[in-house]
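K.L.:
Take a look at this one; I'll ask things after.
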Amino acid sequence: MEVDDQQGWAFRTWLLFLLGGVAGIVVHWLGDSVAGSPPDSFRLALATLIGTGVTVFGFTLERREWRSTATFSLLAALVVSSVIYWNGGPDDWYAANGWRLLCAAIAVAIAAPLFQSWRERSEGAFDWRTAFPYASVHDRAWTTVVLWFLAWAFAGIVMLLALLLSELFQLIGITFLREALREDWFIMGLLGAALGAGIGLLRDRDRMLAMLQRVAMTIFSVLAPILGAGLLLFVLALPFTGLTPLWDATRSTTPILLSTISAAILLINAVIGDSTEDEAKLPALRWGAMALGATILPLAVIAAISTGLRIGQYGLTPDRLWAVVFTAIAMAFGVAYAVALAWKRAGWAMPLRRANLVLAILLCGIAFILSTPLLSFGALSTRDQVARLKDGRTPLGRFDWAALWFDFGPTGKQAVRDLAKSGNAEIRKRAKEIQQAKYRWDATELDQRRIAAETLDRRLTILPAKVALPEDLQTRLSGSDMCGPSQSCVLLYRPSESSAVLITTPCDNCDPMVRPIYALNGRWQEQQGSGPVAVWPVISARQASPSEAERQAIAEAIRQGKVDIRPVRRRQLFIDGKAAGQPFE
């Protein structure tokens, strides 16, 4: 270790403390609402640029290499902030945009240790084979992860201490700190300063970081035999169970498998370390890592089959295309690990380290490309889904209009507008309906109302005789929570009357419910008077909960039409001639 490292670098800590505080305040100012409106994409991108740049600068700053560090930090910040600039803030994102930001973060996270390793290389002609020493890259990557979590833990402790001090000073009537902690700009500034100081202080203690890194790797390596044995048993059981249970159990087969593969890769690398000397010596750990390496490829193949089946059944969506990308990456790791294991068997760690370095560089490049607008998964998915709708592969009743409008980006919205001009009347109607939805839950409500309207005739019993209902009354019933898409209901209605009564049929452990509906000013409403919708009366049909036999008798009576309305005399309290409280028997 160099003398500078032994003595630390106090200036770096103070510099990061100041940069973090200023960056926190500026990020808050740029990300804050302007005149009640959310900030535009340029302000958000600039805030992201500053926040990311200062963070990367803090993680990679060295005394003699501050110029190259500043350049790399700026480039890394541009990669991440460009995602915000091209796509706007999270409120403007469609479903797949979050993956672009994740890819940008992955590209920067991989590039940082590669940059640090390249910066520390010996002087001379550039040789890509020696430009990134594996031991240095591996050490920097693990150190960065440990430093990230410790710095946030330090910042969290600082925030708790600030809160404690504010309450302490409050006891003696000094409120400035408590008032300051109620201001967002102060919180962001304090958090940024604490995070910067934490990074600087921890980086001055390389030995402690190295020790914590070894502790983390030891813990992960001990878990390798456990997960390895479990995955090996899982793969060996598949020939007997088949793959069908995987599809029947959940729709999240691919995410679960990819998460498992990621955990396996992490544990394997904890076992093999960065060199032969650093490799775990216990046979159980080494065999556990080998078991994990042997199962990655089968799991990746199953994930590919699962994704392919979904695409074959339901077509392309942005999320499924991202699943294809992540599955392909998992396949690449699976093939590399399987080849290393088959080639060297117990000595597979050395070729595996070389494969890890190549895969990391490739993954960094792929993640960077995917973070840019060069590939539009929304456009690809839109073309596929519209084609499936037009050629009948996807029936109109099963077409996901909400996904096309909300999840496929600008191309999806344009496709909906084009379909609203379709020669098919039903397609045209559905396309116009979805455009009325401002939020995704509005689309869900529209779907439920449409299904309720389409199935109302077979779910609704009209008493005392079946008659045609006014269109407005049908619409009101379709939107009622008492006669939803999966409910059966009874309506007491006579064309000559301006009121009707809606009754739900009894279900398990519930009583029938009754709701009056009134025709007021030519429109049917589930209330009488001008009160808010929230006070629509919902009246229990009985005061006491009936037994199971009584409930069945009530249901049978309703089905047989033994339902009528009778006048009932009630008493009510009056105060100074004005009614008070509810009527009673």
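From the backbone N, Cα and C atoms, a Cβ is placed for every residue, glycine too.
The transmembrane segment annotation in TrEMBL covers 9-30, 42-61, 68-86, 98-115, 145-165, 185-203, 215-240, 252-272, 284-309, 321-343, 355-380.
How about a rundown of where these features are and what they're close to?
P.N.:
Note on the transmembrane segment (68-86): residues 41-42, 44-46, 48-50, 52-54, 56-57, 60-62, 97, 100-101, 104-105, 107-108, 111-112, 115, 119, 368, 371-373 of its chain, located 6 or more positions outside it, place their CB under 8 angstroms from a CB of the stretch.
For the transmembrane segment (145-165), same-chain residues at least 6 beyond its ends with a Cβ under 8 Å from one of its own Cβ atoms are 59, 177, 181, 187, 190-191, 194-195, 197-199, 201-203, 209, 212-213, 216.
Beyond the transmembrane segment (185-203), the same-chain residues lying 6 or more positions past its ends with a Cβ under 8 Å from any Cβ of the stretch are 9, 12-25, 27-29, 54-55, 58-59, 147, 150-155, 158-159, 162, 209.
Through the fold, the transmembrane segment (215-240) approaches residues 142, 145-146, 260, 263-264, 266-268, 270-271, 273, 280, 284-285, 287-292, 294-295, 298-299, 302 of its own chain, all at least 6 residues removed from its boundaries and within a Cβ separation under 8 Å.
With a threshold of 8 Å between CB atoms, the same-chain residues lying at least 6 positions outside the transmembrane segment (321-343) that come near it are 96, 99, 254-255, 257-258, 261, 265, 268, 290, 293-294, 296-301, 303-304, 307, 310-311, 351-352, 355, 358-359, 362-363, 366, 370, 377, 380-381.
Using a Cβ-Cβ cut-off under 8 Å and counting only residues 6 or more beyond its ends in the same chain, the transmembrane segment (355-380) has close neighbours at 79-80, 82-83, 86, 94, 96, 99-101, 103-104, 106-107, 110-111, 114, 132, 134, 137-138, 269, 316, 318, 321-322, 325, 329, 332-333, 336-337, 339-340, 407-412.
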K.L.:
For the transmembrane segment (9-30), which partner among 42-61, 98-115, 252-272 gives the most CB pairs under 8 Å?
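P.N.:
Per the Cβ count, the answer is 42-61.
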K.L.:
What residues in the same chain, six or more past the boundaries of the transmembrane segment (252-272), come closer than 8 Å to it by Cβ-Cβ distance?
P.N.:
138, 216-218, 220-221, 223-224, 227-228, 231, 246, 279-280, 285-286, 288-289, 292-293, 295-296, 299-300, 302-303, 306-307, 310, 323, 326-327, 330, 333-334, 337, 349, 352-353, 356
K.L.:
With Cβ-Cβ distances below 8 Å as the criterion, list the same-chain residues six or more beyond the ends of the transmembrane segment (98-115) that contact it, or say none.
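P.N.:
Hits for the transmembrane segment (98-115): 52, 56, 59-60, 72, 76, 79-80, 82-84, 87, 90, 132, 136-137, 140-141, 144, 318, 322, 360-361, 363-365, 367-368, 370-372.
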